[in-house]
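Enquirer: Would you mind keeping the following structure in view while I ask a few things?
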Amino acid sequence: MSAEAARADGHAAHGADGGNWHDDHGAAPHGSFRSYMTGFVLAAILTIIPFALVMGDVFSDTRVTAFVIMALAVVQIVVHMIYFLHMNSRAEGGWTMLALIFTLVVVVITLAGSIWVMYHMNANMMLMPHDMRNMD
Amino acid sequence: MSASVSPASDGEKVVFYLEKDEHAHAGSSTALGFWLYLMSDCLIFAVLFACYGVLGRSYAAGPTPKELFDLPLVAVNTAMLLFSSITYGFAMLQMEGGKKWGTLFWLGVTGLFGVAFIGLELYEFNHLIHEGAGPWRSAFLSSFFTLVGTHGLHVSFGILWLVVLMIQVAHRGLIEDNRRRLMCLSLFWHFLDVIWIGVFSFVYLMGVLG
């Protein structure tokens, strides 16, 4: 695909769409060519950085790298939500946002809870050296 | 109590208004319903991610992510999905401009990127299984194949849906029903890209990091 053609097409579509932007029939909010491209460029940057950090062994401390990877992933998810999924607090009278927040709460509890609990269980179930001596 | 009755006693006719037209806009309620479906799908992935988070270090003396994962391949795969997201965005812009063939063209491009993604993923799975690192090898690999495979299945069904919609648009044009369907698929497609961010960050990059 040629970038020129894409840009021209996108602008044409954007221009045509300008008229019904304020069409308030409750239609899902949609983006413009500019917002899609902004999202794409941001997402590309936020993808390239973590790959470069891991493949180039940039930080000697892997914990720093891990933190940066997860932080950038969260930022990229927000970028996708705004520029590709067109999330906002007004769509559907705020119900999509409410459903999203509820889901995020459940997701955080599920993920953090599982990893936390199971990590401690693993640590507590681990045979310690002195336990092994007692086994003989 | 008496206050609420008084207008009628003035001889005025009591009229009740509904706050909203009961005949709700179909597209609007569909968007919310489809969003709720995506949120429940999100919970499925959350559970699979939690599963991988718990089991992802249980190698059973088998291969580790560092030995198995091929990051350049994952990077190409990630690019495929990101490109397919932006081309779907172009398809939506063409749809809003009322351009049927432009919409079909960008949907086709999106589908090809999707097929490339699935092709690379199947190649990776095939390679892993031939190396003896199939889902039966260790808890790490079981949870890995379940999480990444579930995402791949979603993308595959997304491609199937895309092809069906392309046929619908080609035959019937950009009618209201098809616009609504394209809008739902766009949410689904972008949602899968969001899940993939979690996969490449949490599974591949963190896995190679050790």
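Indices start at 1 and increase along the chain as displayed.
Cβ from N, Cα, C; glycine included.
Bear in mind that TrEMBL entries carry predicted annotations, made automatically and left uncurated.
Per TrEMBL, the features are:
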{"type": "DOMAIN", "residues": "B:32-208", "note": "domain 'Heme-copper oxidase subunit III family profile'"}
{"type": "TRANSMEM", "residues": "B:34-56", "note": "transmembrane segment"}
{"type": "TRANSMEM", "residues": "B:68-91", "note": "transmembrane segment"}
{"type": "TRANSMEM", "residues": "B:103-123", "note": "transmembrane segment"}
{"type": "TRANSMEM", "residues": "B:144-167", "note": "transmembrane segment"}
{"type": "TRANSMEM", "residues": "B:187-209", "note": "transmembrane segment"}
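I'd like these features described in context: how deep, what's nearby, how far apart.
Expert: Residues 65, 139-140, 142-144, 146-147, 150-151, 154, 184, 187-188, 191, 195, 198, 202-203, 207 of the same chain sit 6 or more residues outside the transmembrane segment (B:34-56) yet have a Cβ under 8 Å from a Cβ within it.
Through the fold, the transmembrane segment (B:68-91) approaches residues 102-103, 105-107, 109-110, 113-114, 116-117, 120-121, 123-124, 128, 131, 133, 155, 182, 185-186, 189-190, 192-193, 196, 200, 204-205, 207-208 of its own chain, all at least 6 residues removed from its boundaries and within a Cβ separation under 8 Å.
Here the transmembrane segment (B:103-123) has Cβ contacts under 8 Å with residues 73, 76-77, 80-81, 83-84, 87-88, 90-91, 94-95, 148, 152, 155-156, 158-159, 162-163, 165-166, 169-170, 174, 182, 189 of the same chain, all six or more residues outside its ends.
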Enquirer: Which residues of the chain, 6 or more past the ends of the transmembrane segment (B:187-209), have a CB below 8 A from one of its CBs?
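Expert: Here the qualifying positions are 31, 34-35, 38, 41-42, 45, 49, 52-53, 56, 64-66, 69, 71, 74, 77-78, 81-82, 84-85, 88, 110, 144, 147-148, 151, 154-155, 158, 161-162.
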